[in-house]
Amino acid sequence: MNAKYAAELRKLCANYTKDAEMSAFNDVFTPGKFDNMYYKNLQNGYGLLESDQAIAFDNRTRPFVDRYAANETAFFDAFAKAMEKFSEQRVKTELNGDVRRRCDQYNDYKG
């Protein structure tokens, strides 16, 4: 990972429990756009997490990173197929499931 980007991320996240407005994006160059820039960033060492960056250098996953970075249409097609498969999974609802208000915490139910 790029040392300067890592340092900036550490600084950004230093007060994540106190700053409700803090955001760390997987893609710092086009954070408000759905595109293939995430994969281009990985090729340039700008993965947000070490586990993200690892897929760009692992022989098993690098071909996907390279394909999606070079061809946005291929990424969109693969994403659409993955979402379709995901939608076929059994979703937990009502008393069997819960959507977290914050991804890093369980919802607090006092009752």
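The chain as shown is numbered from 1 upward.
Positions of Cβ are set from backbone N, Cα and C atoms, glycine also.
All TrEMBL annotations are machine predictions without curation.
As recorded in TrEMBL:
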BINDING   D27, T30, D35  Ca(2+) binding site
DOMAIN    1-107  domain 'Plant heme peroxidase family profile'
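The binding-site residues under consideration are D27, D35. Their Cβ neighbour counts within 10 Å are lowest for D35. Each residue of the domain 'Plant heme peroxidase family profile' (1-107) gets a DSSP state, and the totals for helix, strand and coil are 51 helix, 0 strand, 56 coil. Taking all protein chains in view, 14 other C-beta atoms sit within 10 angstroms of the C-beta of T30 (Ca(2+) binding site).
Those same-chain residues not listed among D27, T30, D35 yet with C-beta within 8 angstroms of the centroid of the Ca(2+) site C-beta atoms are F29, P31, K33, F34, N36, M37, Y38.
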